[in-house]
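Here's the structure, in C-alpha cells; my notes come after.
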Amino acid sequence: HDALCAFDGPLRLSQTDTEELISAIRKSEPLITASRVDQVKLLIVRLQEKLGQQDNRRFSLFKALQAHILPLTNVAFNKSGSSFITGSYDRTCKIWDTASGEELHTLEGHRNVVYAIAFNNPYGDKIATGSFDKTCRLWSVETGKCFHTFRGHTAEIVCLAFNPQSTLVATGSMDTTAKLWDIQTGEEVSTLTGHSAEIISLSFNTVGDQLVTGSFDHTVSLWDVPSGRRVHTLIGHRGEISSVQFNWDCSLIITGSMDKSCRVWEAASGKCMATLAGHEDEVLDVCFDYTGQLIATASADGTARVYSAVSYQCISRLESHEGEISKICFNAQGSRVLTASADKTARLWDVQSGVCLQVLEGHTDEIFSSAFNYEGDTIITGNMYLLSGLGSIPFQFSIKLALRKM
C-alpha cells in the first residue's frame with residue numbers, strides 16, 4: 001500500500017488504468033516478475049476500490065480508560081492498530097489491547113518520567129521508551145520484558161525513533177546529542193554531536209540511511225546514519241525547532257519552529273525550498289501525509305493548515321479550535337486530518353475543504369496527544385482530568401478510543 005500510494009498518489013491511483021500502472025511498476029521494480037502480475041493487479045484493484053469510496057462515517061466513543069495515576073506524556077499505535085502504548089510521569093509505559101481496552105503489560109524499570117515512546121513499526125514486536133532518567137529501554141511487546149537499557153546520555157531523553165529496518169534506535173536528548181543504538185547487542189553505535197542546545201525532535205528517512213534532528217539552537221541537522229557524519233546543517237529558522245520529518249521518498253524535510261513558520265528543505269542539497277508562513281504564533285507540530293504530497297501544520301494560534309508539498313500553496317485552513325493545537329496527523333488515505341487541542345477537544349477535518357467534520361468531545365482537560373491507526377478507523381486521544389472521591393489520589397489521567405461507525 002505505501003509503495004503504490006507513494007508511486008502515484010491516492011487520487012491518481014484511484015483514477016489510473018490498472019494495466020498502465022502495472023506496466024510502470026514493473027519497469028521500476030524488477031522484483032515484480034510475470035508470475036506476480038495477477039497478485040499485484042488484485043492488490044491495485046482493491047486499493048482503487050478503497051480509495052474511491054466516499055467515507056462520511058463518523059467516529060463514536062468506544063472506550064474511556066483510566067490509564068495512569070500521573071500525567072500521560074505520549075500515545076502511539078502499532079501499525080495494525082491492534083495495540084497501543086502510553087507513557088507517563090508515573091515512570092511506566094503501558095501496553096493496551098485496542099479491541100478490549102485491556103491493559104496487557106506495564107513496563108516498569110525507569111526511575112523518572114517516561115517521555116518518548118515508540119513501536120518498531122511495521123513489525124510491532126518491540127517498544128522503545130526514553131526517560132528523564134537519561135536512559136532508553138528496549139522491551140518485548142509479547143512478554144513485557146526489558147531486552148536492553150541504553151545508557152550514555154547525560155540529560156533527559158525527549159525523542160526517539162526506530163529505523164525502518166528495526167535494527168537501530170535513535171535517541172535525542174537535552175544534553176544536545178543524539179545517539180544510535182544497536183537493537184541486537186544493546187551497544188551504542190554512534191554519538192551525533194554538533195548541536196549547541198537540546199534536541200527536541202528527530203526522524204529517520206524511509207530508507208534508514210539518514211536521520212534528521214531538530215534543536216532548540218534554531219537549526220536542523222541531517223546525518224548520514226552509517227558513518228554518523230553530519231551531512232547538512234539547515235539554517236534559517238529564527239526560533240527553536242519543534243518538529244521535523246522526512247517525506248516518503250526521502251527527498252524533502254519539513255521543520256516547524258517557534259518562529260511561527262514551517263520550512264521545506266531539499267534533503268540532497270540542504271537548500272530551503274519554501275517557507276510556509278501565515279501562522280500568528282508558534283508552530284508546534286508538522287507532518288507529511290503518507291505519500292509526501294501534503295503538509296500539515298499545527299500552531300499555538302489555535303489553527304492548523306494544509307499545504308501542497310509540490311506548489312507550497314495553502315490548500316485549506318482548519319479554524320474552529322479555541323486553544324492551541326499541539327498535535328496534528330493525516331489518516332493513511334490522506335483525506336482527513338486529526339488535531340488535538342488545549343480546548344479539550346480533538347477534531348477531524350476534510351483535507352481539501354478545511355471543513356470540520358467532527359468534534360471529538362468528552363475530555364475535561366487539554367488533549368496533548370492523538371493518533372490514527374493505519375486503517376484510519378480508530379482514533380486515540382490522551383489527556384489528564386480531575387476525578388473526585390478518589391481518596392488520596394485526586395487525579396486520573398485518561399485515554400479515549402473512538403471507532404468509526406460501520
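We count from 1, first residue shown onward.
Glycine is treated like the rest: Cβ placed from N, Cα and C.
The feature repeat 'WD' is assigned by TrEMBL to 65-106, 107-149, 150-191, 192-233, 234-275, 276-317, 318-359. The domain 'WDR36/Utp21 N-terminal' annotation in TrEMBL covers 81-265.
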Ask   = Using DSSP, how many residues of the repeat 'WD' (318-359) fall into helix, strand and coil, respectively?
value = 0 helix, 23 strand, 19 coil
Ask   = Do any residues of this chain, six or more beyond the ends of the repeat 'WD' (150-191), have a C-beta under 8 angstroms from a C-beta of it, and if so which?
value = 112-113, 115-121, 123, 126, 128-132, 134-138, 197-204, 206-208, 211, 213, 215, 217, 223, 225, 228
Ask   = With DSSP, how much of the repeat 'WD' (276-317) is helix, how much strand and how much coil, in residues?
value = 0 helix, 23 strand, 19 coil
Inquiry  = From the DSSP assignment alone, can you count helix, strand and coil residues within the repeat 'WD' (234-275)?
reply    = 0 helix, 22 strand, 20 coil
